[in-house]
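Peer 1: Have a look at this one.
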Amino acid sequence: MGRLSSVDPSSYSEPEKITTEHTAIHWNVDFEATKLRGSVLHKFKVLSSNLESILLDVRDIDVKNATLLAGGSELPINYFISDPVPDVGQKLTLELPAGTAKGSLNVRIDYETASNASGLQWLNPNQTLGKQHPYMFSQCQAIHARSVMPCQDTPAVKFTYDAIVEHPKELTALMSALIDKNEPGKTYFKQEVPIPAYLVAIAIGKLVSRRLGENSNVWAEEAIVDACAEEFSETSTMLKTASDLCGPYVWKQYDLLVMPPSFPFGGMENPCLTFVTPTLLAGDKSLANVVAHEIAHSWTGNLVTNKNFEHFWLNEGFTVFVESKIVGRMQGAKELDFRMLSNLTELQECLRTQLAGTPELTRLVVDLSNCGPDDAFSSVPYIKGSTFLRYLEDLLGGPTVFEPFLRDYLKKFAYKSIVTDDFKGALYDYFKDTDKKDKLGLVDWELWLKCEGMPPIIPKFDESLANVTKNLASQWSTKTVDELAKSTDINQPISIHQLIEFLGKLIECKDIVELNERKIELLEKTYDLKKSRNAEVRFRLNRLIIRARLIKRLDEIIEFANSNFRMKFCRPIYRDLAAWPEAKPRAVDNFLNVKDQMMAVCSHTIEKDLGLK
């Protein structure tokens, strides 16, 4: 593949020569053909003299025509599309008139998306909760905006946008923007804060809302909206806590949209409208910390953005770091440290399984010259990145010293796209005239950014809550079923998060004595697991059932895998089933039956996990 451009290995666009300032979108939503039809009008700023052409990213898009708008007249432009690069897309070249000068340039492109555009998911009425109406939503991160519109699909470029969306009258349209105006079957949107293309988002369905706070609502299908409002009732508190930490909230509105089960991520930080998975509906708010994560993105990722996905840790590591601080302020310092330790268990599992064959992708800053961002996606930037920030915070004197720097960093780079050296420079600059300057000399940047595997240094965390889970995992892995049945230790009260962490640690134990049907049943009885609505608990229990090779429970494992297509859950389940010769054929058959219900980013990676691609 090679690097597609000097600024971003995954994008053909050349932001050093020309950059998008504003985009006007006009879409007609065709549910029958599963296509968006319409146009984008890009207002470009030309930075280079005598620019011969504009290069944009597309993926399976059918361009109808391209037009230069100047001085009230319309001039057709020659255009051509390159052959596709697998997992990346194509280059759209727009030829410009000779002698195009620096300054503003307006170009309209009329087009339609492919019926299977990788960034769009179309659900028929049967695939929705209400069973009456179709549903459509987008997921553009990392590089799927190019399948939704011709654009500079790189986080190095940020632009404002407005949109007119024509859709069935009975459905509600929402975007990562503020609703400007509503007409029957036509909704107008405006996003006045510049964003990268991957944050352009749309969802259309039979949706209703409930108020969560002064500038916050939750949207969902009617059948679950009240449960969603209850589950996410702490959203306004989280938003206020994040603002205290990070500075003013610039996006005006913070709404949540609870997605259909096929949504591939826990959440997506689309500005003004965070998308979240329905697997967060545990009934006890125990998984609502994902909302804290997406709220944190309003600053770390959306306001200050990685320039390309090789520096993805600047988005995700900072966001996990801020998320843990929100949790800490709401639930206490012990809980903050426990969550960060739990993350390390998750990272260990990721390194052992998903990234076992690609150790180079376990670095904090990766090389995407020959690899698409979807293939590099893992928990490494999230957890290794946040661990690095905690290490820096501890080194420099703790939260009272580091949090003022964090606010300064976010203010300094607000509305910009940066690389790791920009962060490093800001850190040294902030502390250069203080007594902390010498401490920064102790940081081995090369080691932290380039080393493979676990973080090179694990900060000192409060381990009191984690020790309980460690002890339980040790007992369940080393004792027989009869010994455990007589033990009183295993019945001690633990929190839902300790239960999740204990089950995760048990999965990570190399050897488990008597991991059989009786032990699984005792585990289920002791912790009342059969009644649990918590998806994180059910996910870990299913993985232990697979490890125990209980073939007669394969139906319920498949049922869980089909209940949601969140990659965090279905990828490890399919990987585990692929390593179980007796179950693999059934797993492959099931995947082939349901893959069309998955988003492309999910089916693409599972195909690789199952060895089908």
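Every residue gets a Cβ built from N, Cα and C, even glycine.
TrEMBL lists these features:
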ACT_SITE  Glu294  active site, proton acceptor
ACT_SITE  Tyr382  active site, proton donor
BINDING   Gln139, Cys140, Gln141, Pro264, Phe265, Gly266, Gly267, Met268, Glu269, Arg566, Met567, Lys568  peptide binding site
BINDING   His293, His297, Glu316  Zn(2+) binding site
DOMAIN    464-610  domain 'Peptidase M1 leukotriene A4 hydrolase/aminopeptidase C-terminal'
Peer 1: Restricting to the domain 'Peptidase M1 leukotriene A4 hydrolase/aminopeptidase C-terminal' (464-610), what is the model's mean pLDDT?
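Peer 2: Result for the domain 'Peptidase M1 leukotriene A4 hydrolase/aminopeptidase C-terminal' (464-610): average pLDDT 96.
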Peer 1: Just the number: how many Å between the Cα atoms of Glu294 (active site, proton acceptor) and Glu269 (peptide binding site)?
Peer 2: 5
Peer 1: Here are some recorded positions: Phe265, Tyr382. Which one has the most Cβ atoms within 10 Å of its Cβ?
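Peer 2: Comparing the recorded positions Phe265, Tyr382, the most crowded Cβ belongs to Tyr382.
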Peer 1: Just to verify a number: CA distance, Gln139 (peptide binding site) to Glu316 (Zn(2+) binding site), in angstrom, no decimals.
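Peer 2: Rounded to the nearest whole number, the Cα-Cα distance is 17 Å.
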Peer 1: Identify, in sequence order, the residues in the chain of His297 (Zn(2+) binding site) that are 6 or more apart from it along the sequence and have a CB within less than 8 Å of its CB; answer 'none' if there are none.
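Peer 2: Set apart from His297 (Zn(2+) binding site) by at least 6 residues yet with Cβ under 8 Å, we have Glu269, Asn315, Thr319.
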Peer 1: If you pair up every Cα among Gln139, Cys140, Gln141, Pro264, Phe265, Gly266, Gly267, Met268, Glu269, Arg566, Met567, Lys568, the residues annotated as binding peptide, what's the maximum separation in angstrom, rounded to an integer?
Peer 2: 18
Peer 1: Should any of the binding-site residues Gln141, Gly267, Glu316, Met567 have a Cα within 10 Å of the Cα of Tyr382 (active site, proton donor), which are they?
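Peer 2: Final answer, ordered: Glu316.
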Peer 1: Do you know the DSSP helix, strand and coil residue counts for the domain 'Peptidase M1 leukotriene A4 hydrolase/aminopeptidase C-terminal' (464-610)?
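Peer 2: Across the domain 'Peptidase M1 leukotriene A4 hydrolase/aminopeptidase C-terminal' (464-610), the residues distribute as 112 helix, 0 strand, 35 coil.
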Peer 1: What same-chain residues, at least 6 away in sequence, bring their CB to under 8 Å of the CB of Gln141 (peptide binding site)?
Peer 2: Tyr198, Leu199, Met268
